[in-house]
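Okay, so here's the structure we're looking at.
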Amino acid sequence: MAFANLRKVLISDSLDPCCRKILQDGGLQVVEKQNLSKEELIAELQDCEGLIVRSATKVTADVINAAEKLQVVGRAGTGVDNVDLEAATRKGILVMNTPNGNSLSAAELTCGMIMCLARQIPQATASMKDGKWERKKFMGTELNGKTLGILGLGRIGREVAIRMQSLGMKTIGYDPIISPEVSASFGVQQLPLEEIWPLCDFITVHTPLLPSTTGLLNDNTFAQCKKGVRVVNCARGGIVDEGALLRALQSGQCAGAALDVFTEEPPRGRALVDHENVISCPHLGASTKEAQSRCGEEIAVQFVDMVKGKSLTGVVNAQALTSAFSPHTKPWIGLAEALGTLMRAWAGSPKGAIQVITQGTSLKNAGNCLSPAVIVGLLKEASKQADVNLVNAKLLVKEAGLNVTTSHSPAAPGEQGFGECLLAVALAGAPYQAVGLVQGTTPVLQGLNGAVFRPEVPLRRDLPLLLFRTQTSDPAMLPTMIGLLAEAGVRLLSYQTSLVSDGETWHVMGISSLLPSLEAWKQHATEAFQFHF
C-alpha cells in the first residue's frame, strides 16, 4: 500500500507532546525543530518522509520540490493555505488536515465575538482600565430575536448556529455543498446570497479561502446589507475585503466587526485594528489547550493509521487514496491499475478518450476513485515528469493528452452479462476493451473485446502475463509457443484461453519474466502483448 514505507516525521511547529508520543508508539521516528528558515526546513526534510505543521511553517513549492523523500504533509488544523496544494499534488505528495480538531474552539470564539460585538465588552473594558465610567457610551443590543447570517455551514458553521439559536437568534445561511435539508436539520434556513444580505443583523463567515470566496463581503455586498450590520470573521483573512469593511465602518453601514484573521498576519496596516468599532485577536481560533491537544492527537493517529494500512482520514488532495484503504474498494483499486497497465501494453501509448465503466450496486459511485488507479496503470512507465500515483494521477493524465471519462452502467459493460459487479476500461473509437472483476480479494480479467475467459484470469503483481490472439485452435500452436518461451529462457507458469469469439481465441500465459521481444510471437498470432503491473 502507498506510503507504507513512511518512517521518519519532522514536526516543524509547536504541538502538544501527545503528537510525538503517538507517532513514536506507532513505530515512527520523530524530529521536532521549530522556527526553521526555508533553507533549514529543506535540509531537515532530506531524510524525512513525513512533515507535520500548524500554520507557521510555509510549505511552498520550493520546499516541496526540494524534499526528495517527502510523501505526506499533515496540517494539525483545518486550513491548508500554508501548503502549496498544487505543487504537492503534482509531486504525488499526500496532504492531510484535522477538520474536527479545532472546530469547537473556533465556533466558541465566534460566539464570543458575536456577544462582544453586541455589548461592546472589549471597548468597555478598555475604558474602565483607562479610569473612566462611560455607561451611556457603550449602549448595546440584545441578540434575542436578531438574525444571524452564517456563510459556510460545515462543522464550525453548524456549531455556531446551534449555540446562537440557544440565545434566541434566527439563523439563516448559505453553503453551495450542504443541502437545504441538511442545514434545516440544525435550524438554518438556506437562502441565496442576494436574499441574505438585507436580512442580517450579524454575519459570520466560515468558508475556506478560495477564488470564489475571496472578497465575499465587498463594497457591493455591504451596500446590500441592512444598515448597522455587524460582521465576524474567524475563518480566513481575505474572505471579508478589508478595504470595503473599513469604508463600511466609516460610513456607518457596518456598526462593528470582530476579526480573528487578516489578509496579512500580523497586519501591517493599523486602520482596521485601531477602529473604535473593531474587536480583533491575533488568530486565536484554535488557540485553546483542548484544540491543540486534539489536533496534535488527531494528525498523529492519522499518520499511524495510514502507515499501518488501517484507514486514511482528513485527506485534502486524494479522494481515491482514501477509498484505497477501504476493505471493499482496495482490491478494485488494484484491478483498475491492472486494467490500465494492460491497456497501455495492448494499445501502445493510447491517446484520446479512455472510458472507465462500472457495473453493480456497490460500484455505483466508485468511478471517481477507480479512474485515478486506471490512470496510474496507463502512465506509470510513461510519465516523464513525476512518479505517478493516486494523488497526482488526474493532474498528470491531462498533460499526457488523455481524457478519462467515468460512467456507471446498470448492465454489464460490453453487454457480456456476467457477474454483479464489473469494471471495464475502453479506448474510445478503437477496438480495445478490457473487463475485470474481483473474486474474493483477487482482481481477475474476465474478457477482452467480447472474448470471455472461463475461468477468469487472475491478475497478480508478481506474475507477468503474455496475451495473444490466434485463429481457432491449431494443434501445433501451443507447442510452438512453448518452444518460443524456451528459446528465450522463460518458463510457462500458467495457461488459459478465452471462449471463441469471431473465430478467434485469446490465450493468456503466466510467465516467469517478460520476454525481450515479441517479434517471433507476432508471426504466429493476430496480435500479442505482455504486461506486468
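Using the three backbone atoms N, Cα and C, a Cβ is placed for every residue, glycine included.
Note on Arg236 (active site): other Cβ atoms within 10 Å of its Cβ, all shown chains, come to 24. The active site annotation in Swiss-Prot covers Arg236 (among others).
Look at Swiss-Prot and you will find Glu265 (among others) tagged as active site, backed by similarity to another entry. Remark: Glu265 (active site) has Gly237, Pro282, His283 as non-local neighbours, by Cβ distance under 8 Å and separation of at least 6 in sequence. Look at Glu265 (active site): DSSP puts it in coil.
Under DSSP, His283 (active site, proton donor) is assigned to coil, being neither helix nor strand in the three-state scheme. According to Swiss-Prot, the feature active site, proton donor maps to His283, an assignment based on similarity to another entry.
Swiss-Prot lists Thr78, Arg155, Ile156, Asp175, Thr207, Cys234, Ala235, Arg236, Asp260, His283, Leu284, Gly285, Ala286 with the feature NAD(+) binding site. According to DSSP, Ala235 (NAD(+) binding site) is assigned to coil rather than to any helix or strand. Long-range neighbours of Ala235 (NAD(+) binding site) (same chain, six or more residues apart, CB within less than 8 Å of its CB): Ala106, Gly152, Ile156, Val205, His206, Thr207, Pro208, Leu209, Val261.
Annotated SUMO2 cross-link per Swiss-Prot: Lys21, in sequence order, evidence recorded as similarity to another entry. Lys21 (SUMO2 cross-link) carries a helical DSSP state (H, G or I).
Around Lys21 (SUMO2 cross-link), the same-chain residues at least 6 positions away in sequence with a Cβ under 8 Å from its Cβ are Ala300. Marked as SUMO1 cross-link by Swiss-Prot: Lys21.
Annotation source Swiss-Prot lists N-acetylalanine at Ala2, citing similarity to another entry.
The phosphoserine feature in Swiss-Prot is assigned to Ser14; the stated evidence is similarity to another entry. Ser14 (phosphoserine) is surrounded by 13 other CB atoms, counting those within 10 A of its CB over all protein chains shown.
The N6-acetyllysine annotation in Swiss-Prot covers Lys21 (among others) and is backed by similarity to another entry.
Spatially close to Lys58 (N6-acetyllysine) yet at least six residues away along the chain are Lys38, Asn82, judged by Cβ distances under 8 angstroms. Under the heading N6-acetyllysine, Swiss-Prot lists Lys58 (among others), citing similarity to another entry as support.
Classification of Thr78 (NAD(+) binding site) by DSSP places it in coil, neither helical nor stranded. Here Swiss-Prot flags Thr78 as phosphothreonine.
Here the binding-site residues are Thr78, Thr207; the one with the fewest Cβ atoms within 10 Å of its Cβ is Thr207. Of all Cβ atoms in the shown protein chains, 23 besides its own fall within 10 Å of the Cβ of Asp260 (NAD(+) binding site). Spatially, by CA atoms, the recorded positions Ser14, Asp260, Leu284, Ala286 include one closest to Arg236 (active site), and that is Asp260. Each residue contributes its Cα atom, and for Asp260 (NAD(+) binding site) and Ser14 (phosphoserine) those atoms are 20 Å apart.
In this structure the alpha carbons, written CA, of Ser14 (phosphoserine) and Thr78 (NAD(+) binding site) are 16 Å apart. When other Cβ atoms within 10 Å of the Cβ of Leu284 (NAD(+) binding site) are tallied across all protein chains shown, the result is 14.
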